Structure formats: C-alpha cells, structure tokens
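Q: Below are the structure tokens for one structure; questions will follow.
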Amino acid sequence: MQTTEPMTPPAPLASAQTVIDLGAIDHNVRVLRELAGSADVMAVVKADAYGHGALPVARTALAAGAAALGVATIPEALALREGGITAPVLAWLHPPGTDFAPAIAADVEVAVSSRRQLEQVTAAAAEVGRTATVTVKVDTGLSRNGVGAADYPEVLDVLRRAQADGAIRVRGLMSHLVHGDDPENPFNGLQGQRLADMRVYAREHGVDYEVAHLCNSPAAMTRPDLAFEMVRPGISLYGLSPIPERGDMGLRPAMTLKCPVALVRSVHAGDGVSYGHRWVADRDTTLGLLPIGYADGVYRALSGRIDVLIKGRRRRAVGRICMDQFVVDLGPDADDVAVGDDAILFGPGANGEPTAQDWAELLDTIHYEVVTSPRGRVTRTYLPAGQQD
C-alpha cells in the first residue's frame, strides 16, 4: 500500500484511499491511558498498525503518552527504528531461522517463547557485542505461542546464567488472554493468577522481571485488576470497540475507506449488471461505477449486500463485486451524483456511512479483518490530530 504524508493532495480520482484520522488515534490512546491507571500503555502497531500505517500511528501514540510499542516481527520493529522511532519496541513472533542480531543492534526488545529462542538470542548478543533486552512470553492457557509451565524452570536457568554473564537484560514477562472480549469469564482471572505465580517463581529462582503484561484491548478497558505494570492494547487504538456489544466504549474509529465515483450511467428496467447478471434492474435507474474491488480489499462475498454513502445517502451495491470495480444503484432520481463525488464504503459512522463492524457482521468475521484488508492500489492519506475530513 502506498502512503501519502499528511496534508498532501488527494490521490488521483481513479484511486481508492483510506483516510486515517490521527486525531482519533490520539484520542483513543488518551482514553486507554486513563483506564490503565498507574500501568503503562504499550501501543500495538503490528501488521502495519492494523492497516493504518505503522510509523504515523506510532508517532501519534507516543506523543499521546504511550510508553512503548509492540509488534509481531523483528522486520516490523526494524522498520520503526529506520523511521526514526527511538522509544522501546517489543517484537514477539519469530519464525525458524530468525536472525536476532539486527534487533539487538537496533535496541529492539525481543520476546522469547522457548529455550531454543533464548539461546539464539544469547548467541546473537555475543555476536553483536551488546546486551539483549529480553521478555519471556509464557503460555497461561491460550495454547499458542509461549513457554509452557513444564519448560519454564529450564528457561529460567538459561535466563539466569545469561543475565549473570551480561548477555541479556531481563525486562518483562508477558502472556495473552483467551477470553479477553468476555471480561467476566473466570478464565481471565485464572490466567492472571498463573502469570503472577510464574513471576513469583522466577523471583524465588533468581530472576526478577521489571514488568509484566497480559491485557489486550478489551481487558485493558474492563479489567484493571489484571493490568500489572503495563497493558498491551491493539484494536482499541484504532477506535474499534473490542467488545462491540458494549458500543463504542468512548473510542473513535480512525479509518475511512472511500473512492471517487468513476462513471454515472442510466439503465432501463430489465438490464442486468456485472458478471452473471445476478442483479437485474426492476425499474429505470442510474448506476454509479466505483473503481475498487476485491483485489483492493472489498470482499466479493459482499456483492449486493453493502451500502455506500454518496452525497449523504446510502446506495446499495448491485451485481457482482469484481477484481477492480463494482456498481451501486444510485436510484432514478440521482441527478445530484457526479463523476468524482466521494463514495464512502465504511468509516466512523457519524454521518450515516457503514462501519467496519457492519462489514464484519455481514461477513461473519471481526472488524480486525476488515480494517487490515485494504491493500494494493488503495492509497493512504492522513488527517493530522485536530483536523476532521
């Protein structure tokens, strides 16, 4: 995805774009900071900040008071460093063959999930000639990534020796919730207790973690008892409710997906639209062509199921969504719509446009998937904090 800097002219009319409201990011970080109490906020900007652009989001989050940044992979962390980010950055997912040396050289904190990874990090630190900052990721019930209880004692042994040798600095202990979006689920408390117990066990065996963190977005907003010294929100940074049934939870969605109307044309009753003529006009009407399709992140499964906001009115998509384009029914009285007018596919919803949550419900998925889908030819433009479209 291409990115334009704040305040640059909009992309050519043939292009779709996501407009990212950095003021919303700023607002959301401040909401999360207040809810976190004395705990720090680690802003998760993995996957290119959930499709919002890692560098602009990272800068905004740090300016709003986030203490650190979290990403999945080392290349994501290094991209932040190359972009001038000097704040603490933690990377926690490492495929086989990962070279940890560049991360250590760039002062990127590395989370390890096994004895093997820890030994690789220690070896890389010796190679670089620099102390590595390490967090231990433990499995407290998700059964995904992380050191299990059975392997934890031997990992602590390696950790203690490496720390004594000056190869590593032991920074944190982290885990991830199974039922974060179900705040009252008793398993959340069990995971919190397991993490606390593993911290105590480590201290009794010569390893003292500086911080522990467990809370994702929903827990950061609803379970202050599980905050430890740091919370690790992701989706809430971008203004999407981590518990949709609770409403917006005081958050402001940051992403709007839009494109210009590329063509306006009239059709007669009985005329079919797009591949297979799955939609046939039941009256004389006017159609609008939108230059965005499934190659750009508009799911083909949404064919004939979504509305698009044009000139303050919702217009229904008709016919098949194609690779590069789809068609909307503007209605027989569409004299107000012209080529170049904005078509809002989804956004915050404040002006009646569909939202990412609307798409998620139609697709039987989550809004995380929706906002990470715009890609390829979709350009990205930013509204600085304090400016609205």
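Indices start at 1 and increase along the chain as displayed.
Glycine is treated like the rest: Cβ placed from N, Cα and C.
Per Swiss-Prot, the feature active site, proton acceptor maps to LYS46, TYR275. The feature substrate binding site is assigned by Swiss-Prot to ARG144, MET323, with sequence analysis given as support. Taken from Swiss-Prot, the feature N6-(pyridoxal phosphate)lysine applies to LYS46, supported by sequence analysis.
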Q: If one measures from the C-alpha of MET323 (substrate binding site) to the C-alpha of LYS46 (active site, proton acceptor), what distance in angstrom results, rounded to a whole number?
A: 27
Q: Between TYR275 (active site, proton acceptor) and ARG144 (substrate binding site), what C-alpha distance do you get in Å?
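A: Computed Cα spacing between TYR275 (active site, proton acceptor) and ARG144 (substrate binding site) is 42 Å.
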Q: Does LYS46 (active site, proton acceptor) have same-chain partners at least 6 apart in sequence with Cβ under 8 Å from its own Cβ, and which are they?
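A: Long-range Cβ contacts: GLY70, VAL71, ALA72, THR73, GLU76, GLY234.
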Q: Write out the long-range same-chain contacts of ARG144 (substrate binding site), meaning residues 6 or more apart in sequence whose Cβ is under 8 Å from its Cβ.
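A: Long-range Cβ contacts: HIS176.
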Q: Looking only at Cβ atoms, how many others are within 10 Å of the one on TYR275 (active site, proton acceptor)?
A: 11
